[in-house]
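Trainee: Structure in structure tokens, see below.
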Protein chains: 2
Amino acid sequence: MSERHMKLGAFLMAGGHHIAAWRHPDAHAPAGSDIDHFIAVARIAERGKFDMIFIEDAAAIRERNPDLASQAARSTAFEPLSLLAAIAVNTSHVGLVATASTSYTEPYGLARSFAALDQLSGGRAGWNLVTSASELEAENFASSGLRPHSQRYERAEEFADAALALWDGVEDGTYFPAGGETFADHSKLHPVHWHGKHFAVDGILESQRSPQGRPIMVQAGASDVGKDLAARTADVVFAASQTKAEAQAYYADVKLRLGKYGRGQDDLKVMPGISPIVGATEEEAKAKYRALQEFIPDAVGVALLASYLSVQDLSAYPLDGPLPEMPQTNLIQSRQQLIVDLGKREGLSIRELARHFAGARGHWQVVGTPSQVADAMEERFLDGAADGFNVMAPLFPSGLEDFVTLVVPELQRRGVFRKEYEGRTLRRNLGVASPSKG
Amino acid sequence: MSERHMKLGAFLMAGGHHIAAWRHPDAHAPAGSDIDHFIAVARIAERGKFDMIFIEDAAAIRERNPDLASQAARSTAFEPLSLLAAIAVNTSHVGLVATASTSYTEPYGLARSFAALDQLSGGRAGWNLVTSASELEAENFASSGLRPHSQRYERAEEFADAALALWDGVEDGTYFPAGGETFADHSKLHPVHWHGKHFAVDGILESQRSPQGRPIMVQAGASDVGKDLAARTADVVFAASQTKAEAQAYYADVKLRLGKYGRGQDDLKVMPGISPIVGATEEEAKAKYRALQEFIPDAVGVALLASYLSVQDLSAYPLDGPLPEMPQTNLIQSRQQLIVDLGKREGLSIRELARHFAGARGHWQVVGTPSQVADAMEERFLDGAADGFNVMAPLFPSGLEDFVTLVVPELQRRGVFRKEYEGRTLRRNLGVASPSKG
Ligand SMILES: Cc1cc2nc3c(=O)[nH]c(=O)nc-3n(C[C@H](O)[C@H](O)[C@H](O)COP(=O)(O)O)c2cc1C
Ligand SMILES: Cc1cc2nc3c(=O)[nH]c(=O)nc-3n(C[C@H](O)[C@H](O)[C@H](O)COP(=O)(O)O)c2cc1C
């Protein structure tokens, strides 16, 4: 009945989203530095008609503590824009979303790199804008330490505006105008004069106009200021919501903010994460899940939980008791809250929470048959909790392969997911409005 | 007789190095934004056993003056690191050198992007370090305007040192140690604590060690401080020398500086530019040259000359008279000097200089048969003027194709150029020493 289709993103991670993926016999351990592995995984997503693949990022090693090194094993050795440029020329339809921070670069350089990816891919680039909450990143770039949350977002607002202005400053058909004596039609270039508190840009982007108008903007902010920035500038928001009620609340909250900025309800797609573990039967799915969980050492799980909570250490507390009361910090407020809430709601011990979060890292996890997974997705999709999902396969390539082979056809059969790409650009496939000029 | 082989770089430019390349019927006009064109050209270079391809850069449009737009037609719409990532996965042996400035980014981010390109390509990345002398770039990044030459180099020195420290901070075999219970052997990670006047970095590069030890460092400085930086940190220097005597003087000068830094004569390869126009016969070569020169409008040539000289305008002076006396500026001192010297030495008029520079842009131009071109190269190679050449084909792909088909076999026959790649990494092919650790 529904003509509305869900959007799907494939959140790539070297060996898999599961913390112990790299220890699993099916995983390709050095995946993070193997470009052929990433290209193969991207092609699986494209075969599954995914709107996009998504590469997370932090410009730092992921973990200072050697005991937690497993955490880092999931990440890639490739800076995301370089990685996606290499994938772009080996794919044809799937969108390519790279994470990049507004805290340690300048808008001109980043706008230009995304424009390049957009040209290379024929209009499939997207930018996941983050403000970088990690101390480890701050140390790589500044002696002054991590900026407070509010300053990071002030900078992000300016950064986004400057980048948007640069992309919009070049009209379609500027270069090699038909029958032209000159190489560029300068009347179609609109110099940007953008002066803010953090940045000044007086120039024209060295690029043609994007084949999709401009790159897609993605955001995953969970704070008020983060959700406002998304409502004003983003085409897609990712979220980490455990329960359906949480997801609905987040969805309603973000959609409500669109009005303030004169945007329509369909202009921003809300795509919460889902961590699916799929088996032909329920037994098989559960066995797959158990096989993964077995590889998590308790020490790793608990240390990881502490790092999610932004506390130094949890080893003073009994493993089988509840979480202690937590101080609020300005770091990743939302994830912290999510963990505390889940612990209270389901009465979980530190060990249980650790296992749970070590596995799916706070994202919604569904273990089941293709139709059980499709049911769960369809329900949230139809009940105002999601416009689509950011699929976090526990293992690569096998977890994504399972999803594409088993769940995608089920979603297609139900008429809630595309059978063919609508077009060649990410914007066209997402069905979000194009910026005016060009 | 000589066992010493010359090194060859292919300096790519969208449609060609010749200013009017894009107007030529053989040129593919929108080459600058066509990734397939660049991949095809890179493969021609690889077929010719070139050590590397080279991508120049400026993070800005190339020309404010619409009358000079032709100048910009040579440049690419792709930021170089993205472009080379896409080329990396479509080539197997040729080195990949991207230009990047030290003036508008931070060492951690750039070191990481080059590390990614190095991993993607299996050890074929190189960084052409520039300080960005262009006002147009400065305007895109700072309201404060262009920094003076000395400050740019002070920053470049720090930038290079921090990047080298980051690359050297990760040993070989750090990740997935054999039989290891943890993903990383932390004893092989050496945190960098680099604090200078311009940058502070306290961290570890998020990358494996480069397959070639670290990326190749390229420089094209012509000032004293530029040559010193190259002698201290570079593996390759590019140069723009017109006459053999100039080339010899530059060569001797740079090589002499190596001693100061405890480096050997072979540790730095000097590769001046050559702009070859090759024909099966001398007549054919000359006809090719004339066909290109015919496409240069006088107005474009003269305005371009003015911009090379960093003067506003030359239109007050008679086209057929000599250059007026020039004020020294702190901008690109060397190129300015080169033009003034050539004008005096050969008694050229403004029009003649304009044509000349518009064509080869101050680089050494050789028009002739394969054996004439090989003679000219061999002479400079054997007479202490060059360790190799940075080949600037007037047109792409045909100009490079000519060189690879006609000149390369001639150089191979004479025993001055390789018949097969020595290895898979750029460092191995260049034959320059590896850094110690790892
Ligand atoms: C699916 C998802 C992916 C994210 N990816 C990144 C990332 O790659 N890099 C990063 O620094 N932050 C990432 N974040 C964190 C968010 O950008 C954001 O900082 C966080 O949700 C807290 O929200 P706030 O910044 O509004 O406080 C991600 C969050 C989610 C939900
Ligand atoms: C072959 C060659 C390529 C160059 N490529 C670039 C480039 O891509 N971007 C840039 O800003 N400067 C480039 N330059 C300029 C040099 O980096 C350098 O700034 C210039 O030669 C003046 O020397 P100096 O900086 O020591 O004064 C190039 C120079 C040469 C000879």
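Each Cβ is built from the backbone N, Cα and C atoms, and glycine gets one as well.
Note that TrEMBL annotation is computational and uncurated.
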Trainee: Can you match one of A:Asp51, A:Asp57, A:Asp266, A:Asp267 to the FMN site that TrEMBL gives for A:Thr99, A:His149, A:Tyr153, A:Ser223?
Mentor: A:Asp57
Trainee: Count the Cβ atoms, other than its own, that fall within 10 Å of the Cβ of A:Asp57 (FMN binding site), considering every protein chain shown.
Mentor: 21
Trainee: Which Cβ among the binding-site residues (A:Thr99, A:Ser223) has the fewest C-beta neighbours inside 10 Å?
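Mentor: Per-residue Cβ counts within 10 Å for the binding-site residues A:Thr99, A:Ser223 bottom out at A:Ser223.
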Trainee: Which state, by DSSP, holds A:Thr99 (FMN binding site): helix, strand or coil?
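Mentor: The three-state answer is strand.
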Trainee: Relative to the Cβ position of A:His149 (FMN binding site), how many further Cβ atoms are located within 10 Å?
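Mentor: Around A:His149 (FMN binding site), other Cβ atoms within 10 Å: 18.
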Trainee: Roughly how wide, in whole Å, is the group A:Asp57, A:Thr99, A:His149, A:Tyr153, A:Ser223 that binds FMN, by largest Cα to Cα distance?
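Mentor: Roughly 19 Å, rounded to the nearest whole number.
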Trainee: For a quick check of packing: other C-beta atoms within 10 Å of the C-beta of A:Tyr153 (FMN binding site), how many?
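Mentor: Taking all protein chains shown, A:Tyr153 (FMN binding site) has 20 Cβ neighbours within 10 Å.
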Trainee: Where ligand 1 binds, which of the binding-site residues A:Asp57, A:Tyr153, A:Ser223 are close by, with Cβ under 6 Å?
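Mentor: Near the molecule: A:Asp57, A:Ser223.
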